[in-house]
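The disulfide bond annotation in TrEMBL covers Cys1573-Cys1582. According to TrEMBL, the domain 'PLAT' annotation covers 1051-1170. Under the heading transmembrane segment, TrEMBL lists 1008-1026, 1213-1234, 1263-1284, 1326-1351, 1371-1395, 1464-1483, 1719-1742, 1754-1775, 1795-1821, 1842-1869, 1905-1925.
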Amino acid sequence: MTTYSELYIPARTLNYGVYQLTLTVTMIDSPNLKSSSSVYVRITATGITANLVQLGTSMITRGNQQDLLLDPGTFSVDPDEDTFDATKWKYTYYCRIYELYNFPNIQGILLSIDDSTIDPYNPSCLSARSGNGTGLIFGNLTSSPNSSLTVLGGSLQLNQMYQFMVYMENRKNASIQATGYVLVTIEVTHPQLIAVGCVISTMCVPDLEFQLLNPTTQVALFTLCIGTCTNLQSIKWNIYQGSDNSTSSNSTQWTLFNQTSLYENIWFFGTNTSNFTAIDQLFLNNLQISLWRFEVVYTFLSAISTSALNFIINQPPANGSCLINPLSGTITTLFSITCPNWYDVDGIQDYSLYTWTTDISQRTMIAFSSEYNFQVRLLAGDNETSLLNLVVYVRDFVGSVTQVNISSVNVIADLVIMNDLIDKITNSSSTITNNPIVRLLSSGNQNVVGQMIISLSQEFNQMNSENLDKAISNGISAVDISVSSLGSQSLQQTSIPLNESALINYNIELNSLANVRDYLVPFITNLLITTSNSIILQSTSLAQLTQATNQLTRNTLMLVSNRCYELSAALYAMFEKISYEDAQSASNQLFQCASNILNGVNGPLQGRTDVLDLDYSRANAIPTDYDTDLESAWSNLNLFSDGNDFSTKTIDKNRNIYYQKQLANQINSQVTQMISLLTSSLNIHINIGQKYLMNTSQSFVSLETISIQSLKDRLVKQIENGQFNIPSDFILNTTSNSSISLRSRVDPLASFGNFQNTNLSRTISLSIIDQNGNEVSFEAAQNNPIQMIIPRDPNVLIPSMYLQNVTSINSTINNLLFNYHYINITSSLPISVHFEIHSLNKSLAYLFIYKFDQTPQLNSSINLIDGWTIFCPSNLTNDDLYRYFIDNQQTPTHQSLIFGIRELNSTEINNYCLNSSSINTSLPITDEPFNFTLNYELRIYTSGCYYLDENNNWKSDGLIVGPLTNLYETECLSTHLTTFAGGFIVLPAPINWSYVFANANFTKNKTVYLTVIFTSIFYIILMIYARFEDKKDFEKLGVTPLVDNNKSDQYYYQILVFTGQRTNAGTDSKVYFVLSGDDDQTQIRLFSDPHRKIFQRGGIDSFIIAVPKSLGLLNYIRIWHDNTGEGSSASWYLKYIIVRDLQTMDKSYFICQQWFAVEKDDGRIERILPIASEAEKQKFSYVLSKKAYHSVSDGHLWFSIFSRPPSNKFTRVQRCTCCFVLLFTSMLINIMYYDLSKEAKASSKTHSGASSIGPFYIAPQQIGIGIMVELLSLIPSLFIVQVFRRIRPRQQVSRLREALYKIKPSQQTSENAPVNKKKKSSIITFPWWCLFIAYGLSMIIIVISIFFIIVRGIEFGDVKTQQWLTSVLTGFFSSVILTQPIKIVCLAIFFICFCRNSNNDKETSEYINDDDEFNLGNDEDYLQSPEFHSLFSSPSLKSINRLNENEIAYARDQRLKQIEMLTIIREFLITLIFAILIFVITYSNREQHSFFQVNHLQAYFLNQRQTTVDYTKINTIDQYWYWLENSFVSNIRAQQWYNGDIPQYLNGFLNDKSNRLIGGPTMRQLRVKSELCSDQRIISICEDSYSFFNEETELFQPRWTTNATTDEFSSSVIKAFNYSTNDELDTYNYVDEYGTYRGGGYVYEFRGSLSDMKTNLSALHQLDWIDGKTRAVFIQLTLYNPSVQLLTAVTLLAEFLPTGGIYTTARFEPINLYTFTSILQLVCTILYIFFIIYFMVIEIRLVFKLGLEYFHQFWLLIQLGIIGCSLGSIGVYFWRFQEANRISELFEQTNGYIYINLQLAVYVNDILTFLLGYCCFFSMIKFVQLFRFNQRVSLFAETLKYCAKALISFSMMFAIVFMAFLSLFYLLFISKLSSCSSLISTAQMLFEMTLMKFDASQIMGADAFLGPFCFALFMFLVVFVCLSLKKLNQLEIQEERDCRMRSQYFDPIENLPDRMDQLLEALNRIYIDQKKELARLNKAGR
């Protein structure tokens, strides 16, 4: 049954018989109104073709000694069957001697060949006949008697021609008969049998001894050589014309056709090959010849074999005429065509109507009919005359055609009906069915629909052309709205302002007609495909409908593409049965259709046509089959966003593009198949030398068959100068040596692929196809490639050349040698760059140079260019242009190109242009700037060569752009053949290098600008800080005369005191000393300075002491302090003291390196320091303490800004300047060598001298670049540093001399000879004014560096600059923080070990070197201002506070208590802060929504409220399937809202609309293998419990069989029976209550729509996917709740025990993988890590201090637990961070469409939670120790300590009793109570009984006697006996603890109020002192 208005029954569908066909017509609006009509059809047998030899050959040649086989039973053809059934027929054979006799007969009755009767007039063929058929052998005597006949060799006469005939009669129906003939020529040789047949078998219809030949079609023949056909020398075809022989009956005289050679390759093709073709022109030009013979002659080495096929012209239909009525009308007018009186002996098959307007070659078939009277609707005629020409093709059943021209008619368009149609379609009117055109289209009649579609399409195409012309005339660019047709001329487009209203009108008209085409296309695509005429008519309709490619919606394109493919497949199915002319007509239209849909789908993607409103709205409308599965692309916003741009406009636009690209890929694939089918359909008709050509405005296709030899040096020309030039040397991957086919195509628009630079190019392709229809690969040599010319769209806008006003630039002022231009050549695929230069004076010549990515330089000393050329006047082209191009092999990996142009002077022109010997051999180099005499014009464009790969992406591998490339076409050189296109972009006016930076946009180069700005700001801030610190350093300098010096004392010593760097090393206590020598000692003297604070940490203090006379050789110094400092300021750490005799300049060293403190070391505050010997001064510890700090603080340039020695004259400001000189210089050198270093890294992997260490590659080039960068950046900075260090101060008087002058003003500096004696220094110094030069030079270097950094950054672009900046910062910080300090310390240690010099005191050079001319200047004037008191006082001190032993002991005790108090407070605060941190970190890692998330998911999935689908109560497999199919599967898909709305944008969400699936859920089954039962009396096969050893891992087919099944199942169902390992699934082992399960299994994925999943589950249920061998089924989901940003791993486990029953468990494990959710959490984490490091340092010290005793202290173990858990949590945290990154990367790669297993992440998160929990626990326990001075806390601790042994003993006893009851209860009640099913659950029950929380009725119900008895026994022994403990004496413990705490903790705490009072008093004193100082300053100011 069919619902089409036409009924088509293909051949061989119905068997023989009579059939009734009924047509019933029903009214749509009134189904009860219907009418029927019937017809009876008889199916009869088609006549067979009787063939005596293969292919029905007319004439063959045999040797006289060869057997002749005639086998009609094998070689005959029955059109109704695939094979011929020989048993159905009777066979009778006849023979005669041809041209001499007739067939033997008696009174007209023919005598068979085996009949012994003799005809006296017509002798028998057999030369020696005797008996019954001597010399004859009949074959198949049983099944099909006489179906073959063999004439034995020697039976026939030599040099005679015999005609054999077979008469065949159907055994069941004698009226069905057939006759076959063959001519046999007998020769003396042994020729091979050559069979000749028609390529198109239906074109060879037998007519007695001839084949019918249609004069209107070509004849294509082929031959087969049967037997051994070696030694073949040649093949030759001969053409004969025949005539009846009047002298001999029943024979034909054949005459050689004498024009064969004249028309070879014109009328005849393949005359020397096994295939031969004669086209219809041979017969049409020789209508007088009715008989033709085509003879083939095979010449072998030893024989010649001849065969032939005889033809008789099939006379076409005649005696008829055709008329049309009326002679005018519209496209809806019904015209009647009548063709009466046509006669043909074979019968009339059909009538076809063709129309055309002016060009008959463009005639179009619009109707076909088997009736001579039919009705049509015609197309509109010519625009001017409305005249339409008509011709009718009358065809008989054999295929012969008569063309009848009928009267031309006037047809115009019915604009009223058409406009009504357009309006109703545009407005979606419900009354559209009333439109006459729609009614006609709805008829379903092929002719009617085809006629209306063609008529409407032609009108719409005309309207579209007018609309385009109007839009272009209103300023809209042609290339933006249309694709030019092939062969069209460029539109003369002028610069017209864009008319916005015209653009709006154009879009309205465009979308209106697009909607109409979209509406019309289903009418044509729903028609039946019947005959070749049907294919031609429908393909013509589709070609016309799609001609306006800018009006094709995606729906139109998809339907047309599918239909054209179906038509191509139908044509391919019948190509062996139809004529070449029909195949050609259909292919022409289908090729055009293919080209149209390609242009239509690629136009919007290439930006050549507008996006249609209907496509846009359809793409963004909710699909009718909308489902929320993850595969639904429509609602996947990640596919359509632009980065983070998720705006509706962006989503809608990109969604439309997405679907357009999808359709483009589909159509490209489908068109490729269509082209292949059409090629195969045509190839069979085309012989060597023939060429099929289809050249229309939509497409160009040529197909020709050639020999392989003729492919060499072949030029394949196409339209618009497109061509392929095949080289002479190539490799063709084919085994055939005969012929190949060349298919050449040109399409108007290149496919989009992945590259839009091809949007202005045509697409050309050339394919080589073998005889089997397969494409053959072609490879040319690299040095001799294929040359192609690829044309461009002629409407491409070529901008005018840009005038370069170079005469206005005075190069002499700018010192420029060239005029530079910059262009950006960044491209994803290689491009070539083309230059066109037009000189305003033809006699001028130019030098052209260029370089990639940087400025080219060319002078006498620098040659930094990548290429050059000289433009001489002789190089000018016809259009007076200089042309130059850089091919696409040079541009890859480069981002920019800078080229320079210089005008040559007259001398250079003579040397380089007029003198041919020097042309292009050398460069004209000059150092003199030269001005341009005239301006020039410039145009630059890029091109490229690309091919389309199998993934529809453009590639450029192996393609080179040739020099013939110009604005209108691209020359490409290739080594292979495929589809090619050329890229083309006209670059904007090149940027002049002089203005490149002035026009640099800040927004495009933010990185480099911000880097320079922030670095400069940081430099300024650091300079301010350095200046401030320099002033503070000045305060620390100076030499202080002691206050207690006596004015009369004339002998001076300088004392330098070095305070250590340790914590709290400085002191506020008063320091006294006594210096002793051999001759005398000083009194007790006090170190003091009224102007500065002395003895600061790390300070150097210089004092001058005056004594009456020399002390002689110094022995020791006694030094102490009075411990009057507050707190830690009382202590002092002294490094060493240097005493210098200012008279003799001798220095004495007193080494200490000890504390002066009551609470540190030995507790002493007074020490005697003997003078150090040379050995002591060489000790490693002493020298290291001197050198290490000085090396780091002064040698490290960056660190010295913050820690430089105050005595060094190299100030912090100067150091800061030097640092930034080094920084900017290194940045400059780094950015200049950045690309080279990258290339070195890239090339190091393949470098012959490179070596690899892990991921690092080291090559000589890379090492050289690294060394070069370091040297170039180090040299200027090192120079600046040395200049600053060597500048002498402006004032030359040293501080020591100033101090001496203050002591004795009348003393002149010249009086003291040793002081004034000048030593000649070997160090070169500079005068003070060089300071300005150094600063100026530094600023110049910095400014230049900044400038070129910006320049290079602009060249790099923002992205590359960011990469460079990351590299620079990484290297800078690693160098400053790590590399440099380690280097300095290592060098210091090296020099200490090997180059010690105890007298080298660099840190004291400011104090003890008189030749140091550094002067503080005005910054220290206030330090030397005159005071009110004298510099000298009484030699005796008023009071000396020297502590005795008791006072020291008391001070020590007080200090220790104070330290203990501070330690307790500090420990409390540290522990409190640490606890707060750990709690913040721990609880910030906990998600507050976790409980609600888990609670919701439990209720959602488990369905405990619904009894039928309660997951927790599943007990059987059927219940489990019911839960899966009715609950679970519905819950994992978001379905309609409660009000029926579609859940838009909820794809992948659960039905709760809150949680989204990450990938599809998986259901994984674990199975066990079958084993033999131990007791096989009942059953032999058993399934044991699950274990790793008996797990089933085999691959199965559905139903768990190993045999292949014929049933069809989805891939998901089939995969569910295949085992997958845990590595493949990314799963881990799983531990549950009844077993531990492996991570592998048999997996089903819940993917696809809801209906698909339900279908698959039903199939799995029916296939027993879960059966008796199943032991566990895991359902695993990963959910993400975007509202709370929470991931949840869901595991639903069903365990199937071998005892029966199902035990279900569910785990819902939420996890938040966000690392830091707030700044507070980040800060707390960083502080937490520092605290851990701090704790580790403390504990390591304690371990070294206490040794093994450390591990015996409980609180230290608690601290160790905190550190251990913290370190573990940090490690696990980074592990979790890595896992989170892995999951994030997977999610980013898959967009959440692939299942991501969170099992490992959950494990890691649980471990982190465990460790953090213990950190919190230990931190809180730590507070117990902090409150150890509390009596109750102390009592608790002492109680535990006192009872420890008793508790251990009790625990052991309790454990024994408990284990006894555990065993008892477990063994007695294991099968009676669920709480006793395992040892763990039994222990849990006993603990509950101990706590009195057990329901005794359960145990009583388990056993009436044993239950109560065991319960009572347990309660008595455990509860009432074991838990009765002895009370401890609380008072004794408390008293002992109180005594200990009072001495250890309470006393320090009692001191706290006293310390608070002291603090307040100190603050008060500071306030009063500030008041006094302020008053003094105010008074001084007045």
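Just so it is clear, glycine is given a Cβ too, placed from its N, Cα and C backbone atoms.
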Confidence summary for the domain 'PLAT' (1051-1170), mean pLDDT rounded: 88
Helix, strand and coil totals (DSSP H, G, I; E, B; other) for the domain 'PLAT' (1051-1170): 4 helix, 61 strand, 55 coil
For the transmembrane segment (1326-1351): best-contacting stretch of 1008-1026, 1464-1483, 1754-1775, 1842-1869, by Cβ pairs under 8 Å: 1008-1026
Surrounding residues of the transmembrane segment (1008-1026) on its own chain - C-beta under 8 Å, 6+ positions past either end: 1002, 1201, 1211-1213, 1215-1217, 1220, 1223-1224, 1346, 1349-1350, 1352-1354, 1356, 1358, 1361, 1365
Neighbour tally for Cys1573 (disulfide bond), based on other Cβ positions within 10 Å of its Cβ: 14
All-chain count of other Cβ atoms within 10 Å of Cys1582 (disulfide bond): 16
